[in-house]
Amino acid sequence: MFHATTILAYKGKNKSVIGGDGQVSFGNTVLKGNAIKIRKLNNGKVLAGFAGSTADAFNLFDMFENLLQSSKGDLLKAAIDFSKEWRKDKYLRKLEAMMLVLDRNHIFLLSGTGDVVEPEDGQIAAIGSGGNYALSAARALAKHANLDEEELVKSSLQIAGEICIYTNTNIKTYVIEDEK
């Protein structure tokens, strides 16, 4: 498991949201508390976030963004092509990072081994050291609270930040709303 972050993605009825905390840790030391580990891709139609080695994650972001462009914004095709490229490249197989990517139709976890996983419920996924805390909170809030999608993500990450020592409560979110 990667120590240093928590990323949570939620594909709700009206919005898709990704959020992340701002903490960067090196061993037992907090280096930075306001890092941004999420991005908008494909003119804001795809959201992505990473956990793991920052340098590795930037390489993965660039590679994924290129595949997303070559697939004309088709997230499913880009995720599959990403996995194929990852498996073929010996250098990529050694990268220590994970990504969450989502749009209004799909949500995928791209693992450090080149796997592409769509969550069983198709709605909520989390990565990073506080990922399981955020995932648990998000599932409970989705089931029992009447929160807007962005508030659900923020509240879940807040809970993770209060529990996980590698996660803080400096939360940043990006949202994709249904076109009206």
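Quick reminder: no glycine exception, Cβ is built from N, Cα and C everywhere.
Keep in mind it's a predicted model, so treat the numbers as computed, not measured.
Here is what Swiss-Prot says about this protein:
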ACT_SITE  THR5  active site
BINDING   GLY161, CYS164, THR167  Na(+) binding site
Report the residues of the chain - excluding GLY161, CYS164, THR167 - with C-beta within 8 Å of the mean position of the site's C-beta atoms, for the recorded Na(+) site, in sequence order. THR6, ASP21, GLN23, SER129, GLY130, TYR133, ALA134, LEU157, ALA160, GLU162, ILE163, ILE165, TYR166, ASN168, THR169
How many neighbouring Cβ atoms, not counting its own, are there within 10 Å of the Cβ of the residue listed as 'active site'? 29
C-alpha of GLY161 (Na(+) binding site) to C-alpha of THR5 (active site): distance in Å? 9
Ten-angstrom check, please: count other Cβ atoms within 10 Å of the Cβ of GLY161 (Na(+) binding site), all chains counted. 22
Work out the three-state DSSP category of THR167 (Na(+) binding site). coil
Do you know offhand how many angstrom separate the residue listed as 'active site' and THR167 (Na(+) binding site) by C-alpha? 5
Counting other CB atoms within 10 A of each CB, which of the binding-site residues CYS164, THR167 comes out lowest? CYS164
